[in-house]
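Here is what Swiss-Prot records for this protein:
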type: ACT_SITE; residues: Lys166; note: active site, proton acceptor
type: ACT_SITE; residues: His285; note: active site, proton acceptor
type: BINDING; residues: Asn114, Thr164, Lys168, Arg286, His318, Ser370; note: substrate binding site
type: BINDING; residues: Lys192, Asp194, Glu195; note: Mg(2+) binding site
type: MOD_RES; residues: Lys192; note: N6-carboxylysine
type: SITE; residues: Lys325; note: site 'Transition state stabilizer'
Amino acid sequence: SVGFKAGVKDYKLTYYTPAYQTLDTDILAAFRVTPQPGVPPEEAGAAVAAESSTGTWTTVWTDGLTSLDRYKGRCYHIEPVAGEENQYIVYVAYPLDLFEEGSVTNMFTSIVGNVFGFKALRALRLEDLRIPPAYTKTFQGPPHGIQVERDKLNKYGRPLLGCTIKPKLGLSAKNYGRAVYECLRGGLDFTKDDENVNSQPFMRWRDRFLFCAEAIYKAQAQTGEIKGHYLNATAGTCEEMIKRAVFARELGVPIVMHDYLTGGFTANTTLAHYCRDNGLLLHIHRAMHAVIDRQKNHGIHFRVLAKALRLSGGDHIHSGTVVGKLEGERDITLGFVDLLRDDYIEKDRSRGIYFSQYWVSIPGVLPVASGGIHVWHMPALTEIFGDDSVLQFGGGTLGHPWGNAPGAVANRVALEACVQARNEGLDLAREGNEIIRKARK
């Protein structure tokens, strides 16, 4: 007979390959798969591998025109999740040739673009990705990184302090600038536009940039320290976003900001390249992350979004607090904090790290602890996050009964006291409250 056998085929015949030895150049993914009742895990795992690489539901004649063995994703290992019924961790290896160089957008479109609506699966979560050095080297990464940022700001040996200006919407540009000035004058290193401050009728972006720049220069002159305000350049188009970044550079301010998930990875990488070329630091807010990462069995874990950001580019990224008002488990949070900062991270399942990750000297990103934290959390934050971090107190600064500047003073005094106590060998976890009480005098 002519032709090939058509019809619906089991994915596992082609895409389940338990004998496969992964290559150093493969992108590896760990998926948490919950198959529909009656679907065997091998078939579910193979379906994920197929649909996120070369597969479709049947044999097509054009399969004969290429080498599936060279290009197909492979499900190479499956393990049941302890304590969960009918849930598996499925490991998939993708050949490097499937991905465009230097494009986080293309990487995500391939790996998570189509499989999440798949009928054979009840739920699917991407838990981790191993990005090989061969692919990492095609990305610029963060515009500057931790060390260059410290050198630009001339601030060493302690976490940096920030504050989100509240109320986040409704202030005029002039009053917004006043709030910025008071915080910086009191001793903070940075203040921040909230993620949804773009260019609204009550405060257009250009007015805000001008008044914030004035506040920065005034506070710098008064304190003798370098100050910054994260000017949110996020906009409706890439062109408008770059226009705002250009204006920030012309004002001579040190840092701009972007909402990387709502803005998108293409826009983010564009801005990161501009920032490196023009000496601007880039602060990244993760607005919308919980839509993607909050469900335990469906979506994408934040550690994957954090890795993607380090490739796409950003000097700071919000990464949870462990102690504040938003969700985050300590070991898991510290796992992706290390993924942001360190050059090499060892596989450690207790911290949710499924693969060892080598960043080949792509610069590190400062994790930002923000959300419901205040001065009494300072000892815990100093201990948990260490020096290479940004601690951001919004209400924890502006909520001070005497005003913004005293609120900023309180945070700076508490931070300096905690760092000094730690350097003197005191136990911050045990003696934290006492350290803060002493500093208050």
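Positions of Cβ are set from backbone N, Cα and C atoms, glycine also.
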Quiz item: Listing them in sequence order, which of the recorded positions Asn114, Thr164, Lys166 have their Cα within 10 Å of that of His285 (active site, proton acceptor)?
Solution: none
Quiz prompt | Lys166 (active site, proton acceptor) and Asn114 (substrate binding site), distance between Cα atoms, whole Å | solution = 39
Practice problem: For the recorded Mg(2+) site, whose residues are Lys192, Asp194, Glu195, find every other residue on that chain with a C-beta no more than 8 angstroms from the centre of their C-beta atoms, and list them by sequence position. | Solution: Thr164, Ile165, Lys168, Asp193, Asn196, Val197, Tyr230, Asn232, Met257, His285
Quiz item: How many Å separate the Cα atoms of Thr164 (substrate binding site) and Lys192 (Mg(2+) binding site)?
Solution: 5
Self-check item: Cβ neighbour count (within 10 Å, all chains shown) around Thr164 (substrate binding site)
Solution: 24
Quiz item: Out of Lys166, Lys168, His285, Arg286, His318, which has the highest number of nearby Cβ atoms, where nearby means within 10 Å of its Cβ, if these are the recorded positions?
Solution: His285
Exercise. Go through Asn114, Ser370, the listed binding-site residues, and name the one with the sparsest Cβ surroundings, counting other Cβ atoms within 10 Å.
Key: Asn114
Self-check item: Least surrounded among the binding-site residues, given as Lys192, Asp194, Glu195, when other CB atoms within 10 Å are counted
Solution: Asp194
Practice problem: Can you figure out which of Lys192, Arg286, His318, Ser370 (the binding-site residues) comes closest in space to Lys166 (active site, proton acceptor), comparing Cα atoms? | Solution: Lys192
Quiz item: In whole Å, how far is Glu195 (Mg(2+) binding site) from His318 (substrate binding site) when you measure between their Cα atoms?
Solution: 11
Exercise. Sequence order is fine: just name those binding-site residues in Lys168, Arg286, Ser370 with a Cα within 10 angstroms of Glu195 (Mg(2+) binding site).
Key: Lys168, Arg286
Quiz item: Across the record's substrate-binding residues Asn114, Thr164, Lys168, Arg286, His318, Ser370, the largest CA-CA distance in angstrom?
Solution: 37
Quiz item: Measuring Cα to Cα, how many angstrom lie between Ser370 (substrate binding site) and Lys192 (Mg(2+) binding site)?
Solution: 11
